[in-house]
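So that you can see what the record holds, here are the features copied from TrEMBL:
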- Cys113: active site (ACT_SITE)
- His249: active site (ACT_SITE)
- 250-254: region 'ACP-binding' (REGION)
- Asn279: active site (ACT_SITE)
Amino acid sequence: MGIKVLGSGAYVPTSILSNKQLESIVETSDEWIKARTGIKNRHIATTENTVELAYQSAKQAIEHANIDPTEIGLIIVATFTPEQLTPSTACLVQAKLGLNDVKMIAFDLNAACSGFVYAMSVANQFLKSGAIKKALIIGAEVLSKIMDWDDRNTCVLFGDGAGAVVVEYDQDTTESFYLNSSGDERGVLTTTPIAVVNPLTDNQAEPIHFQMNGQEVFKFAIHAIKETIMELLEQANLTIDEINLIIPHQANKRIIDKVVKDLKVPSEKFFLNLDNYGNTSAASIPIALKEAIDTRHIKSGDKIMLIGFGGGKTWGGCMISL
Ligand code: ACO
């Protein structure tokens, strides 16, 4: 018994920023970015903000699921780049979907790039308890608004976008979830703090920028993915050969190449589409999931693993079915 995806959606801003265009913004090159990450393009918001991206992906997922939207009892938006601190992105999506009069639990969840799998796990608890029948889970980020566009170590890696799924609890799906976290006091993956600025302080407000120690994150990511796969397999009592597709957080192709090598599995076991989107944090797994469904990489009855890792530090994953 576990989570079944009834419908999926994805929405990215129309503006594309290529590696070539980045060459005129920071000292970098198309070759460097492709070789070190596998990324070629990313979509960058101009007019759209987090709520619009989340809403568009949610609308698609509901249409794809072909359900009455009033059956949705829970909306979780995984994001660390919300449009406003309050109301939550989830509440604003509820309003845009015209569901304000439906009895609903709606909130945002911040587990950075692990946000989507954290949200799936939270939804599973609500669904399993019978408190709700269907949930709308969204990953949505506008990372471009917190990038330091002078920092070539980070700004070439990320993109904006959103992905969504409508899910329900299913008797025939394997239930397997694993979540973990370890407080990152050293700032391996972090944003600059929101300063305390008020009439009693002399503090100045600083721009909020994303910062990262790339090599430490690289090592952490490989460990996190392998640990999560092992934990999920053990819980599900399955071998990796019995898994049809693994959809990891889309951060860097070289991270997945190393995991493939270490686990001695075919690279086709992992679905990657980061070349066209960059790293969209909490949105990357649902965007990839939608593409894997559309391109028939997965079908009803398949055993699918989703794996996230990122700021916090946080990591984990879940098994799902279609
Ligand atoms: N273009 C050209 N050169 C660059 C760039 C760039 N965009 N960025 C860094 N460099 C330079 C560095 O300055 C350095 O130059 P130096 O040797 O003269 O000092 C050189 O390239 C090598 O730098 P490294 O940091 O050693 O490069 P590395 O091979 O580690 O690749 C990268 C960097 C791609 C960031 C890699 O460490 C990585 O992918 N880490 C994981 C990052 C990640 O996945 N983060 C997100 C996950 S969690 C989340 O999504 C929030």
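Each Cβ is built from the backbone N, Cα and C atoms, and glycine gets one as well.
Automated prediction, rather than curation, is the source of TrEMBL annotations.
In sequence order, Ile39, Cys113, Leu143, Leu157, Phe158, Gly159, His249, Gln250, Ala251, Asn252 are the residues near Asn279 (active site), counting only same-chain partners six or more apart with C-beta under 8 A.
Sequence-distant neighbours of the region 'ACP-binding' (250-254) (same chain, 6+ residues past either end, Cβ-Cβ under 8 Å): 36-39, 113, 157, 217-218, 221, 272-275, 277-280, 284-285, 287-288, 309-310. Averaged over the region 'ACP-binding' (250-254), the predicted model has a pLDDT of 97. In three-state terms derived from DSSP, His249 (active site) belongs to neither a helical nor a strand segment and is classed as coil.
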